Amino acid sequence: KNLSFSGLTAMEKKLAEYKCNTNEAIQLKLVRFPEDLEDENTTFNPEYSHQVFGDDEVAFGYKGLKILLYYIAGNLSTLFRIEYTSKVNEKFDCVEADDVESKIREIIPPGFCTNTDDFVSLLEKEVNFKPFGMLLHTYSIHNEEAGEDITYHIYKADMTCPGFREYHERLQTFLMWFIETASFIDVDDERWNYFLVFEKYNKDGATLFATVGYMTVYNYYVYPDKTRPRVSQMLILPPFQGEGHGAQLLETVHRYYMSSPTVLDITAEDPSENYVKLRDFVLVKLCQDLLCFSPVKLMQGFSQEMVMEAQQKLKINKQHTRRVYEILRLRATNMGDAEQSRSYRLDVKRRLIGPYKKKQRELAKMRRCLRPEEMTNQLNQIDLNLQREQLEESFQQLVSDYRRVLERLAQA
């Protein structure tokens, strides 16, 4: 018995050596210069690979597996190669290595390079690449490393732009690695709008463009003659994250729709925490100068006037306007003053308690059918204490999120 058991562990140990974490194995690059290919500083890895390689994010059957996905910075022409130091041999180990290549091929469009020389010769043609669509906004960000201001452009594109369909197919593969629940969209549906961020850079005296990130927005129809744009996907590529591009992009998109008389308001599909923080910042920045958000009016509480003005002028919906109001009211409140801070706390908690109260009513209904009276009262008491704690916790968390938005606003 012991023999077979130790035999098994030896075999298991051996097989374990052939497991690779796919988040580490996948190496991504956005290439501007031939020397970027050798430079490890230009490599970045996925945050997620479970949508391609399963929940364990493991590829089996290789030692030293590298899955190279290199993109030319502008038009995203792709080099795809797989390298490894050794691979399990079916005859010898009676196991089969995962077919890594076909898994990647499922998400990247055909027409990629498989060797470096072809890729480098495509890189020389990159000087001909120009952004797609219509220029909406230009901005600069000072880059410490380069010691100069770098210029960025935001474009609105659509599927009628020559070459854009193929480019978008290459671009959207990044969603799989950086958005937890990504899915590809139906590009034949004309209600999609695409907004793209590009960086201008110089190479041998010529001006070139690099892809920074993008956003897709779906225009829902609202009876009888309006639309409600809904932000679906938004991604700033990792080398550019933390530089403020997300805020520039969201504000630009917002301003684009603000100028349209048929747009009701703008929403988002299943927004992440980071997106909500970004949106808070952008919307507060847009709203802070509206008359209805003057400190005097903020202190009088949330009003229908705020809802109307934010929707008509800035296309912001009621729910988001309420958050903007809470953030701006926090800025106008002296939290050191007992009366002011109490008033603020009650105001926010009254909104937070809404869902609790609804749940409470549903529970009470159920219990009336199930339990004797005295038990119900005790349980309600326990519930109320728990609810108070949860409410306080939610409130504190909100205030700290709101403070961060206000800090960022003070620096903007």
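Yeah, the Cβs are placed from backbone N, Cα and C, and that goes for glycine too.
Annotations in TrEMBL come from automatic prediction, not curation.
Annotation source TrEMBL lists domain 'Histone acetyl transferase HAT1 N-terminal' at 18-180.
In sequence order, Asp158, Met159, Ile185, Asp186, Thr216, Val217, Tyr218, Asn219 make up the list of same-chain residues 6 or more apart from Trp192 (site 'Interaction with histone H4 N-terminus') whose Cβ falls under 8 Å from its Cβ. Residues or ranges marked as site 'Interaction with histone H4 N-terminus' in TrEMBL: Trp192.
Its own atom aside, the Cβ of Glu269 (active site, proton donor/acceptor) has 12 Cβ atoms within 10 angstroms in the protein chains shown. The active site, proton donor/acceptor annotation in TrEMBL covers Glu269.
For 279-330, the entry in TrEMBL reads domain 'Histone acetyltransferase type B catalytic subunit C-terminal'.
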Arithmetic mean of per-residue pLDDT over the domain 'Histone acetyltransferase type B catalytic subunit C-terminal' (279-330)
96
